[in-house]
Amino acid sequence: MNKLASLVLLDTDIRLRQKSTNLDINNITKEEWNLIQAMQEYIDVCYRDEYEQNNITPGIAIAAPQVGLNKKVIYIHFNENEIEHKYLISNPKEIEHKYLIANPVIVSKSVAKAYLGCGEGCLSVKNKHDGFVPRYNRIIVEAYDLINKQPITIDATGILAICLQHEIDHLDGKLYYDHTNKENPFYTENNWIKI
């Protein structure tokens, strides 16, 4: 069996409900580093559109608990079209988001809420869970950048902010569908921003 295809734990695994501990950035074990590299490989295969050849579910981000590592590590890698001016939609600029971070903390969050119009998905969730997930539209995250080996502050809006919150939830033992309104899964408020 393909090692990537069997890498990700499913939401039926109780390990995904455990809170993660901080990664000791000065003493990363070989086992920890191997799992972190496997996380990167999985998402980079998706980034290169090679997920079908590798028989894996496509994704843009992954958290360490999803591969059985109970440490606060996240890897995100995707491209986003940014509109340089909100009225000039014919000239989008593509931005590559690539972050391998440890011990992320949300230090600031907007009052404004946002949600993905298509709903959220997760590499660890195979069964369909319809509904909108309210998130903060803008967050500021402080973490340790494992690529550049230095502290980092990420000021994120839109899809990147949603992605970071989704992955940080994994570090706290939460899944996206924990946030949906159980009585009305498609509930929104007028001031929520649809992304």
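Cβ coordinates come from backbone N, Cα and C, glycine included.
Per TrEMBL, active site is recorded for GLU167. Taken from TrEMBL, the feature Fe cation binding site applies to CYS122, HIS166, HIS170.
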Translate the DSSP assignment of GLU167 (active site) into the three-state scheme.
helix
Across all the protein chains here, work out how many other Cβ atoms are within 10 Å of the Cβ of GLU167 (active site).
25
Provide the number of Cβ atoms within 10 Å of the Cβ of CYS122 (Fe cation binding site), excluding the reference atom itself.
24
Cα-Cα distance linking GLU167 (active site) and CYS122 (Fe cation binding site), given in Å to the nearest integer:
10
Other than CYS122, HIS166, HIS170, which residues of the chain come within 8 Å of the Fe cation site, judged by Cβ distance to the Cβ centroid of those residues?
ALA61, ALA63, GLN66, GLU120, LEU123, SER124, GLU167, ASP169, LEU175, TYR176
